[in-house]
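Lifted from Swiss-Prot, the feature list:
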type: ACT_SITE; residues: Cys89; note: active site, nucleophile
type: ACT_SITE; residues: His177; note: active site
type: ACT_SITE; residues: Glu179; note: active site
type: BINDING; residues: Ser231, Gly232, Gly233, Val234, Asp235, Ser236, Ala237; note: ATP binding site
type: DOMAIN; residues: 12-203; note: domain 'Glutamine amidotransferase type-1'
type: DOMAIN; residues: 204-399; note: domain 'GMPS ATP-PPase'
Amino acid sequence: MPSAPSAAAPDTVLVVDFGAQYAQLIARRVREARVYSEIVPSTMPVAEMLAKNPAAIILSGGPSSVYAEGAPRLDREIFEAGVPVFGMCYGFQLMATTLGGTVDNTGAREYGRTPLHVSKSGSTLFEGTPDEQPVWMSHGDACSAAPEGFTVTASTDVVPVAAFENDEKRLYGVQYHPEVMHSTHGQQVLEHFLYRGAGLTPSWTTGNVIDEQVELIREQVGTRRAICGLSGGVDSAVAAALVQKAIGSQLTCVYVDHGLMRQGETEQVEKDFVAATGVQLKVVDAEERFLTALKGVSDPEEKRKIIGREFIRVFEQAQAEIIADEGPEVAFLVQGTLYPDVVESGGGTGTANIKSHHNVGGLPEDLEFELIEPLRKLFKDEVRMVGQELGLPDEIVQRQPFPGPGLGIRIVGEVTKERLDLLREADAIAREELTAAGLDREIWQCPVVLLADVRSVGVQGDGRTYGHPIVLRPVSSEDAMTADWSRLPYDTLAKISTRITNEVADVNRVVLDVTSKPPGTIEWE
């Protein structure tokens, strides 16, 4: 079969990542404006960036000072190529110093919510926004003079140049972070850059994503076959549905029952997903294999990598069986990898490896499959929209996120069958009560964690007990890059706690995790 032509690339905004905490959020905000965005490292040569033919470029914030030795730099060429550029925070200061402006280390630091005074209300970025507006600052250096040819459009009480514009060269910058919700009119300012400054039209949709991926998948797979691991979660389900739309019966889904799933998960996969898609499904019972491999292991990184390794080995076995049954080569493995997975596994410049995800950093080096990752550049909310567009039912699309390694990384300590059964019971109670209270759509997810290596004293009945604590970790988020703990009603928390301590053996304490992300990740391991 001849190869299909490469999918036409949409107008693309490049987000240059200087190691900013919010670099991924910038990309997401651009996409919310229905313009496609991609992230590139600041170490990429400018010529290589321009070779991507970007419709616009955004320079992210970053932790460095523009005067620090070894601080990220950019070739001046990026500002002279005729491509619209928007600098934020560090990107703003880098634009200023590169083009002849002045940035000083004045000691006048601004962190958090700050009043911005707009002096040019009719400017490209600020038209239609208030003259006084709260913005989110995070900087130590300050711009005291704009480059020649730039108009200063805003200031703060301590920073004389908090925003500037050069409409002729289509160069714009702000000292603050317009991408965070604390900058009340930040999205409007960003859209003004995209639509007015860069002249882009809001045309990127989930339909575009589906069409592009279908074409790319068909080109990649050709006449060969693919298998996809279904985990019971949203990501793998949407990835499988998207690949099936592209190659139909050339896809076989494999559900690995590794014994680390929640209560009723296997039955739900067989019932909901197969009924919705009609996909070919092979179920593999691998509980004993996984528990044997995890025996005696408490280190979370080691657990993740063992689960990733065994997952692939089971797939290789399933591959051989599918070939024996159906003939053509199974050369591809479909994975529901998302943008945050890649970032947290060290995929962004200037960012640390927070944890290895089983479908990113946890794969063995001798992997025998070529990967298909149709969701790799999408955030969770975008994945849900793609799922809805593909016709998947709400029972699948609106499910709360659940990690591929399953309950194996919600047990702090060694994973055993007894501990899994205990955690399954507690998790089922929490999910049941959250659903009964109508809170499923109010929270992003609620991991239930067993502190298996910890015991606490309790009193149950007339006797002293020495049982395990269970941790509830309800969080609210838009994309899993940042999260806040959810303020659940006390009555709901009380019901969950009472039921768990009454109904689950060896648990005598339920605690609530009230940590945001950062500093804590959503999952405990």
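Backbone N, Cα and C atoms are what each Cβ position is placed from, and that goes for glycine too.
On a predicted model such as this, the values are computed, not experimentally measured, just so you know.
Where Swiss-Prot records a feature, it is marked here on the structure.
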| residue | record | DSSP (3 states) |
| --- | --- | --- |
| Cys89 | active site, nucleophile | coil |
| His177 | active site | coil |
| Ser231 | ATP binding site | coil |
| Ser236 | ATP binding site | helix |
Subject >> Rounded inter-Cα distance in Å - Ser236 (ATP binding site), His177 (active site) >> reply: 33
**OP:** For Cys89 (active site, nucleophile), find which of the recorded positions His177, Val234, Asp235 come within 10 Å, Cα to Cα.
**Re:** His177
Original post:
Between Gly233 (ATP binding site) and Glu179 (active site), what C-alpha distance do you get in Å?
Top reply: 29
Subject >> Of Glu179, Asp235 (the recorded positions), the residue whose Cβ has the fewest other Cβ atoms within 10 Å >> reply: Asp235
**OP:** Other than Ser231, Gly232, Gly233, Val234, Asp235, Ser236, Ala237, which residues of the same chain sit close to ATP? List them in sequence order, counting a residue when its Cβ is within 8 Å of the Cβ centroid of the site.
**Re:** Leu230, Val238, Ala239, Gly336, Ile396, Arg399, Phe402
Original post:
Given the recorded positions Cys89, Val234, which one's Cβ is surrounded by the fewest other Cβ atoms within 10 Å?
Top reply: Val234
Subject >> Cα-to-Cα gap, His177 (active site) vs Asp235 (ATP binding site), nearest whole Å >> reply: 30
Original post:
Taking the Cα atoms as reference points, how far is Glu179 (active site) from Asp235 (ATP binding site) in Å?
Top reply: 25
Original post:
Among all the protein chains here, how many other CB atoms are within 10 A of the CB of Gly233 (ATP binding site)?
Top reply: 19
Original post:
Relative to the Cβ position of Ser231 (ATP binding site), how many further Cβ atoms are located within 10 Å?
Top reply: 26
**OP:** Just jot down the residues in the same chain as Gly232 (ATP binding site), at least 6 apart in sequence, with C-beta under 8 A of its C-beta; none if empty.
**Re:** Tyr255, Met261, Arg262, Glu265, Thr266, Gln268, Val269, Arg399, Phe402
**OP:** Summarise the model's confidence over the domain 'Glutamine amidotransferase type-1' (12-203) as a mean pLDDT value.
**Re:** 91
Subject >> Listed recorded positions (His177, Ser236, Ala237), ranked by Cβ neighbours within 10 Å, top entry >> reply: Ala237
